[in-house]
Each structure stands twice: as C-alpha cells, then as structure tokens.
Amino acid sequence: MESFIEPAEDPSTEGSIVQPPPGKFLEQNEQEERLSNHLVTNGTVDFRGRIADKRSTGGWRASPFIIVNEVAERLAFFAIAVNMVSYLVVEMHQAIPDAATHVTDWIGAAYVLTLFGAFLADAYLGRFKTIVIFSCIYAVGMVLLTLSASIDSFRPPPCRSRPCTNKATDNQTAFLYGALYLIALGTGGIKPCVSSFGADQFDEADQKELPKKYAFFNWFFFAINMGALIGITLMVYIQEKKGWGWGFGVPTGVMILSIFILAAGLRFYRFQKPMGSPFTRFVQVFVASVSNFLRGVRVRSEYELFEVTTEESDIKGARKLPHTSQYRFLDKAAVVTDSETITRNRWKLCTVTQVEECKSFIRILPIWASTIALEISFAQVSTFFIQQATIMDRKLGPTNFTIPSGSVPIFAAINALILVPIYEKLLVPILRKRTGQRRGITSLQRMGVGLFISIFAMASAALVEKKRLDDPDKANMSVFWLFPQFFLVGSAEVFTYVGQLEFFYDEATDGTRSISSAMFLSEIGIGSWLSTAIVKIVQKTTGGLEKGWLRNTLNRSRLDYFYWILTAINVLNLVVYLVLAMRYKGRTSSGGRVNDDPMVQMGDGHFVRRSRDDGNGDLRSVAF
C-alpha cells in the first residue's frame, strides 16, 4: 500500500517528514467524500454493526424479505380470524353473540399487545430481533391451535340435537384459548416492528430514497391485503374441504417458512439500535416538570433550558430535537436552576430533546383517539358480517360452487388490492400536481377520507340487513348484497390505514418509532374491545339473548339497529376528528411547523444557544 508519509532521502533533510503532494490530499478527500455519500445518515447499521452502506443495504433489496414475513403473518391471522366465530359455534358449541365477543376480545388483545412488543423493540431488543422472536412464539401458538382442531379429545363431542348440551370442558377451552393468545402475543411483537423496520431501510435525508419510503407504505398495505386475501380464500377453502386441522396446519407451515425467509435477508438489512425505554423517559419528564413546578420554578426564557453539547442527543442513537412552544409546562423539566451544577440524573433535569420527544408523543394522542371508531366498524367484518353471509345464498351463478362464508371478506380485500395500485400510480401524480404535496394529499386528509367513507359503510350494512329481514325468502337472498358494505369498509381502511402508517411514522422521533406504530395498531385492539362492550350493552338494554336486538339467531335479531348505532358513532367521530385535524400542528406539518424555536445547549458550566437565522442564512452560536 502506498504511504503518504515517507522518510526523506535528501541528507540535508534527514529526520524530517516529507509532506505528500497536494494532489494526494485532494484525492484522499474526494474518496472520503464519495464514501460518506454512500453511508446512511439516520444512524442505522448493517449486520456487522458498521454504518450502513446504501450501495449494499436497505431499499428495495431488503424490503421483500420483510414484506414476505408480513404476508405470512396476515395470511395466518385472517385464516383464523374470519372463521374463528364459526369454529367456536360449530366445534366448541358457543352462542353466536358470545363467540363474536370472544373473537373481538382476542383480536383486541393481539393489537393492544403491540404496545408491549414496541416497548421491547425500542428499549432492549431492536426491531429485527423482536420480529424473529415473536414470529417463533406465533408459530408455537399456530402449532397448538392445529392440535386443538385435529385431536378429538381437545373438543367437545358433536351435537346430535338442538339446543346443544355438549359444552366444552374447562381444559378444552383453556387449551384453545392458550393457543389463540400465544398467537395474539406473537402478533403483538411482530406488527409494531415490521412496518417501522421496513421504513428504516430508507434514508429520509436521501431525496432518492425518501419517495421510495412512502411508496413502501402503500405496497406494504398491499402486501397485508394480499396475505388477507389468501387467508380468506385458499385457507378457508382448505378448511371447508379438508377440515379444521388442515385449515390451520397449512398457515402454520407458511408461518414457519417465513421466519427462515426473513432471516435470509440479514445481510441486506439496516438496523436501528435500541435507544432505551421511551416510557421511562416520558415519566422522567413529568416527574421533573412537577417537581420544578412545586418548587416554583418558572421558564422565563428558552435560553434557560438544558441540552448536551455533543453532536448526538443524550438519547443513545437519536438526533437532537429543536425546542417548540407547545406544552410549555413540560419545559420546566429542562430548566437549569443551578448553572454551577451539571447533573446526569434525568429524574431531576431533562434535556430539551427528551422533553420534545415527550411532547411529540402527547401531540399525536388526540388524533389517535379520534380514529378508533373506524376500528369498531371494522371489527364487524370478522364477526357479524360473516354470520350474515352464513345464512345467505352463497352459490356462485349457475354452478354448484358455494362460496365459504369465511371467504366473503374477499370483497374488502380485493377492493384494497385494486385501490392501492390505482392510488399510487394514477391518483398520487395527479393530486401532487394540484396540491404540491409529495404524497398527493396529507396523511391527515387521507385519514379523514377513510373516516368519511366508514359512515356510508355502516349505513349500507344497516340498509342491507333491513332488506334481508323483510325478505320473506331470506335463505335465497344472495350473499352479493353484502358487497357494498365490504367494499366501503375496505375503501375506508385503504385510506385510513395507510394514512396512519405515514402519520405515526412521520410524527415519531428516532426513539419512539416502534411505540408510535404500536399506538395506531392498538386502535384496532381497542376498537375490537369497544365493539365487545357495545354488543354487551345492546344485549342487556334490549332484552338479552331471548328478546333483544342481538339474539342467538340472526333472523330473529335486529342487527340493522346495531349497525345504525355504529353509523351514528362514526358521524360523531368524524366531526371530532375534523376539529382536531384542522387544529393539529406537528413535526412535519406544512405551513404550521411547531419546530420553530431556538435550541439551547449547556455543558461544562456554560450555556450555548442556537439563535434564529441572522438574515444571512446562518445559525449563530452564542455562549454566556
């Protein structure tokens, strides 16, 4: 290897060092600059722990492995979800309303557990390890569920008369629910990490990679629906023709295979290192704020706020955040009361970045809460929508083929598969020219469109159910009458779900990406639990299983009244959402950025602040 530093050959300069020619320095600098241009700027590393190189990691070379894992997980989940009510009614001999609430409780647990999975990913394991570990837990649950469906002793004896008196034993029920909740735990670990892990493969600071990241969210949602489509068609068909054991066994094999496929992409991935528990940092901010408030501390100027002087923030692996003017009470956590004392105790003194991280999380909570109602409606897809299909004519034209009731949600899945490419390839370029938005419309606008469509979805469901009940020949009413409600629910999900993916990822800070993804996923769980609560309230207030709106037999129920209640909830929710969305100012809000205040740094007994632009485009540092 050629050296830039060589001993002099001239005796008159013996012992001195000859400097390399200037051209050598220029060549070396150019090489270093080219190398730095190929390295990511978002702090991700490759599987060897080195700063990730864009030429060999990330992007679309890594994304397919991640998407395959998500397709497999969704295939397995929907193969269970759309048929579990039928399984509980037919095999475990439960009443329809009870089975529906048990399924929504299970779905709710799966999505609320995403908060736990996100906590582990952000604080300790990282996203990739969390996905692998919980995929294995998921697979174990699938194996146990397959055993429950395959071995006769794990189910009650078949019913030979009605009403059925052969109830499942406590042990049989416990084994089944144990399998289901292992699957729920696996879902909770995978779901909050997989979309964020996929987005980590694109460097936001690279203008070539940034558009690909937002395209990834659309195609990721496309993949979710592809998995759902296979789950509710091929897997349900196998259940119908080969039995429950095969119906659950095939998705089990697919899930196990997806773990190996995910591991095969190891050398292509970019990994974000764990940054510690964000919940702990949030609590520290509140404790320090309250403590200083009780001591009478006031924030007289943003220049009193504490920040470390290092290039990186005090949160390992996270970039610094500028001070904002919202939620000023929390600024008390960063007030330096004694300039002679620098403390590392974050329970007493937090950095500006830590406070702003907490503010960013609080800022998204109203938007999060105002989109839960859609999930109450979507919970009906795997419960009452399926039960409606079960008692309708499901013959396909003049043929003898009968559509399995569990496959009827294909109406919603196909809609999503059609809408995503149309939106991404046709509508986004047109909207981009009109609005100037990189994504055509903002994430908040996209969610609003979805919530608006959800109103018509539930109104359609109510009208169709009313027609079905009034039809004297109910059994011959075609299942295709359910198409509008499935189509509209699927459309609402296309707009809202992808909008949520974009919004919660964009508004998250470096240290809260998984938690932020889990927040919007937990909406699905909370919506399912609220659906259970509404079902029980309607049952109790309208006469119970014998005389109420929701009975064990749908033909004697008034499911249309229940759907009108959900329609009214969606209308009220949309009004609340619009008010909150119009007032929202976030980290990435165009025209209303809240990141507009100077950031102050402190170190070694003095303060350093970054002032506003001095008019020449420069930010000046001032020490005092």
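Yeah, the Cβs are placed from backbone N, Cα and C, and that goes for glycine too.
Database features (TrEMBL):
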type	residues	note
COMPBIAS	606-617	compositional bias 'Basic and acidic residues'
REGION	1-24	region 'Disordered'
REGION	588-624	region 'Disordered'
TRANSMEM	71-90	transmembrane segment
TRANSMEM	106-125	transmembrane segment
TRANSMEM	132-154	transmembrane segment
TRANSMEM	174-194	transmembrane segment
TRANSMEM	215-238	transmembrane segment
TRANSMEM	244-269	transmembrane segment
TRANSMEM	364-386	transmembrane segment
TRANSMEM	406-423	transmembrane segment
TRANSMEM	444-464	transmembrane segment
TRANSMEM	479-498	transmembrane segment
TRANSMEM	518-538	transmembrane segment
TRANSMEM	561-580	transmembrane segment
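Most Cβ pairs under 8 Å to the transmembrane segment (71-90), among the stretches 106-125, 244-269, 406-423, belong to 244-269. Two recorded stretches are said to be in contact when at least 3 C-beta pairs lie under 8 angstroms, sequence spacing 6 or more; the transmembrane segment (479-498) and the transmembrane segment (215-238) meet this definition.
Segment contact is absent for the transmembrane segment (106-125) and the transmembrane segment (406-423), given fewer than three CB pairs below 8 angstroms at sequence separation of 6 or more. Contact check: the transmembrane segment (215-238) against the transmembrane segment (244-269) gives at least three Cβ pairs closer than 8 Å, residues 6 or more apart, which meets the contact criterion. Against the transmembrane segment (364-386), stretch 518-538 shows more Cβ pairs under 8 Å than any other of 132-154, 406-423, 518-538. Pairs of Cβ atoms less than 8 Å apart link the transmembrane segment (518-538) most often to 174-194, out of 132-154, 174-194, 244-269.
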